Every structure is written in C-alpha cells, then in structure tokens.
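What TrEMBL says about this one:
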ACT_SITE  17  active site
ACT_SITE  119  active site
ACT_SITE  134  active site
DOMAIN    4-182  domain 'Josephin'
C-alpha cells in the first residue's frame, strides 16, 4: 500500500493568494514572504504613492508582474499559455508547474460583496500525480496523471475569464522545451507560410501598381500626341 504524499498546502489569508500560490508551487513555507512580494512591488514601481501591482490597502492582491519577478529570483519563468492552443502540446516532463488565474468573488467576513477579483491557483505534480493546490480549498485536490491534467486544463481554459501560466526553468524557456517538438515545428511552418504569403501579396501589389503606372504613362503620352496633332492644324 502506497503512503499518502506529504504535500505543503498554504491556506488563504487576506488577499495573499499570489504568495500562497508561489509557496505551494515550491512546496516550502518560507520560499517567499509578504515582505518579499512588497519589496518586489516597490522595485517594479518605485517612488509612487499608490503601487499598481498590489492592493491599495496593502493586503496583497499582487498582479502577474510580481509573480513573474518572484519566479525569476528562483531561476524560473512564467509563460502565458495561448488558449487557442491545445494543452496536449505541453511537454509535462519539462514543466515545474502551472499558475491559473481565475475570477473570484470578494468576501468581507461572511458578507459577499459585489466585487470581482482575480485569484491565483497553483497546479503541480507531486509523486507522479497532479494536484490543484488552491489556497481556498480545505486540502489539495487530486487531479490525476498527465492525461487527466490535460483534460482538466482544457476544461478550465474553456472559460474566457481564466488564464494559464506555465512555470518552467530559465533553460527550458530559452530552448522552448515546454512544448513538444512537433508542435514547435508546426508553429514554425505556419510562420514561414504566413511570411511567404505576405511576400507574395506585396509582390502582387507592386506588380499591380507597376501596371497601373504604365497605363497612366500611356494615357499621358496619348494625350500629348493628340494635343500636338490638334495644334499642328
């Protein structure tokens, strides 16, 4: 009988879901602190009264710029995933985890306020299985194996309001190893075809303009000849 994996799972406090998502991603409580993220906010927008990267009240609500800067301090990058792509193109073996951004209702105590906020959720693999480590959950939610994760991501990305960020190492980001190679080749082929189409379109436009210019010159010559003929009589 396999033992249940030890999973670090921070619970929601105030508006610190970005902090919880980062610590849940790295599976360590002290990977980042609120003070660390506030310092990043100040470095991103120094000398301002109201920092645009966090809540006005200082309770959290950090934006993606703060998360990306924090990940870079750990040698990682967050790559925005284009929802027009099939999640099946992801090479899960080269991915550290995922951060999902979802709309969330805002509560003050037990009172639901008519305010829509954004919520950050970590998804990552632990001992062969993928888990949803949402800080609003009572405990980690088992998603399953790789195929289960792909189905789960497809379902999540059907919602227009949700955005997915793929977390990878710097090397993986530079070499684009987070996607299967056949996907990269297909994307490159599409770009080449688009470039050729654009070039052909430009050439055809230029050719058409040349013909028009020639026709205009012929008309002007005819007008000159007619004028000369008329004046000669």
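Numbers here mean position along the shown chain, with the first residue as 1.
Quick reminder: no glycine exception, Cβ is built from N, Cα and C everywhere.
Fair warning: this is a prediction, and the values are worked out from it, not measured in the lab.
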How many other Cβ atoms are found within 10 Å of the Cβ atom of residue 17 (active site), counting all protein chains shown?
27
Note: in the chain of residue 119 (active site), residues six or more apart in sequence with C-beta under 8 angstroms of its C-beta are 17, 101, 102, 103, 104, 134, 136
Other CB atoms, at most 10 A from the CB of residue 134 (active site)
23
